[in-house]
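Some features that TrEMBL has for this protein:
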type	residues	note
DOMAIN	14-286	domain 'CheR-type methyltransferase'
BINDING	Asn94, Thr96, Arg100, Glu133, Asp155, Asn213, Leu214, Arg230, Asn231	S-adenosyl-L-methionine binding site
Amino acid sequence: MGVKRNMAESLWPESFQQIPLHEAEFQLICQWLYQAAGIRLAPNKKALVASRLNGRLRELEFTSFRRYYELISSNQDAQAPSERQRAIDVLTTNETFFFREDSHFSFIRENVLPLFRGQHLKCWSAASSTGEEAYTLAMVLASHHQGSWQIIGTDINAEVIEKAKKGVYPMQRAENIPKPYLHQYCLKGTGEKSLQFKVSRELRSQVEFRHANLQQLPERLGSFDLVLLRNVMIYFDQSSKQRVVSNIIRHMNVGGFLLIGHAESLTGVTDQVSLLQPSVYRLGRKS
Ligand SMILES: C[S@@+](CC[C@H](N)C(=O)[O-])C[C@H]1O[C@@H](n2cnc3c(N)ncnc32)[C@H](O)[C@@H]1O
């Protein structure tokens, strides 16, 4: 039996061998991620965490996850802050797509924009990932808002923010974009870039992306009339949700709208906003 295992191991180059993630190490990493981002990892995510971090451990030439945990939780090591960001970039789930939960964009067109006609509308995509949500909103505003507007997209993951700033996507990502918007706001790549498209300069110039942690928002973010906080609270427990939503409400104008994912709820999270319809809330009333 022992001989067989040795033979099997020898077939694999060292770079393919997985460093085992022990339960106690998994618990330490879960606690660290919760402190850093408010994200609760379910027990069944252990294999995912191991596979997502294994490459990083090998690059650092670490032989155990405990050593990696010591680095990211250190206050002394000069490498710790950048490694903490890398760990967050690897451990967050960033799935998103253009016109996701499309009924929100119809709601905005039909119910929000008429209230702000002729005014400057400040919008925030609060967990923007790679930018599809913010650019979807930009297409709707550029086409339908009679007034000026601006959008800020923020995310805790630094890599997705860099991608969002570029506004370049593989062609398959265009599938959900209605044709008129696609023709007006998306530029098809040529030559080597023919399988990509880029969001037009006109839209990109009105959408700004910044790194921000919803658990500890910078005071100078501004105040917003429309906030999209969609498909991020699913990763939070009740107290993280409460902290994040109260942080967000501090950056909303009275009469502002807060839209959350259809699978999410603010029940027991806040009584500061009123439910208008499932997943759509409003802060006070605009006089
Ligand atoms: C599944 S994506 C949702 C993207 C988009 N809102 C949508 O609905 O398609 C969730 C995003 O939330 C971000 N996120 C998780 N925790 C965060 C936190 N504490 N602060 C800011 N962003 C966070 C992740 O990095 C990820 O990009």
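Note that Cβ sites are derived from N, Cα and C of the backbone, with glycine treated the same way.
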Problem - Protein Cβ atoms within 10 Å of Arg100 (S-adenosyl-L-methionine binding site), excluding its own - result: 18
Exercise for the section: Let me know the model's mean pLDDT on the domain 'CheR-type methyltransferase' (14-286). Expected result: 96
Practice task
Quick one: among the binding-site residues Asn94, Asp155, Leu214, Asn231, which has the most Cβ atoms sitting within 10 Å of its own Cβ?
Solution key: Asp155
